[in-house]
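Trainee: I grabbed these lines from TrEMBL:
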- 7-187: domain 'Thiamine phosphate synthase/TenI' (DOMAIN)
- Gln37, Leu38, Arg39, Glu40, Lys41, Asp69, Thr108, Lys137: 4-amino-2-methyl-5-(diphosphooxymethyl)pyrimidine binding site (BINDING)
- Asp70, Asp89: Mg(2+) binding site (BINDING)
Amino acid sequence: MDFDITLYLVTDSTNLKEDVFLSKVDKACKGGVTLLQLREKERSDWEYLNLAIKVKKITDKYNIPLIIDDRIDIAMASNAAGVHLGQNDIPINIARKLMGKDKIIGATTKTVSQAKKAVEDGADYLGVGAIYPTTTKVKTIITEVSTLNDICNAVDIPVIGIGGLNKDNCDILKDSPIDGIAVVSAIMKAEDTEKAATELKSKVISIL
Ligand code: TZP
Ligand code: MG
């Protein structure tokens, strides 16, 4: 499946009422997000699926592929475009068998060998980070930009940087052969969601 990974929004609904969360998702899509991941860690299966169905109505309106974090069952049940898998989630080769060739499978990788393995197993894109310290994923460790660059150069699928990135600090990646960036806070925590997405997108385009 074809997708544009220039500005990848990973959502966080923590402490947000559902209508406020969905409105932020809508504004972010309107502002220019190119790919959107629903990332829920605390919800029951039923709640995760329900929210995925609601978010998909919005992403469909803007023709933005919806990726579900961690859970291929929720991705398939909501007819999302794909799934994002970490090193401790369902193995990519198994996810690929279950989901077929038309779904997008993203993988979190922190080393060149993890990246090469993910590609071999059938990943469509790689997320690498955290580039900067982040309060969104507390247990993550920093990945050096040089490692991110090595990963980009070792694989032939799109690679994005993630972690603490915003429009004022993503210049650190201007010489990196990335295909886009992924953010949570820079958009989800912005006062004006649409403006944050629009400004960040033009910034990212300028450094790619
Ligand atoms: N993976 C690595 S860092 C991160 C994830 C999901 C969180 C990024 O969030 P933020 O708010 O953009 O730092
Ligand atoms: Mg995961």
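Backbone N, Cα and C define each Cβ position, glycine as well.
Here the structure is a predicted model, which means the values were calculated and not measured.
Locate each feature and note its surroundings.
Mentor: If you take the C-beta of Lys41 (4-amino-2-methyl-5-(diphosphooxymethyl)pyrimidine binding site) and look for same-chain residues 6 or more apart in sequence within under 8 angstroms, you find Asp70. Look at Lys41 (4-amino-2-methyl-5-(diphosphooxymethyl)pyrimidine binding site): DSSP puts it in coil.
The number of other Cβ atoms within 10 Å of the Cβ belonging to Asp70 (Mg(2+) binding site), over all protein chains shown, comes to 19.
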Trainee: How big is the Cα-to-Cα gap, in Å, between Arg39 (4-amino-2-methyl-5-(diphosphooxymethyl)pyrimidine binding site) and Asp89 (Mg(2+) binding site)?
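Mentor: Rounded to the nearest whole number, the Cα-Cα distance is 13 Å.
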Trainee: How big is the Cα-to-Cα gap, in Å, between Gln37 (4-amino-2-methyl-5-(diphosphooxymethyl)pyrimidine binding site) and Asp89 (Mg(2+) binding site)?
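Mentor: Computed Cα spacing between Gln37 (4-amino-2-methyl-5-(diphosphooxymethyl)pyrimidine binding site) and Asp89 (Mg(2+) binding site) is 16 Å.
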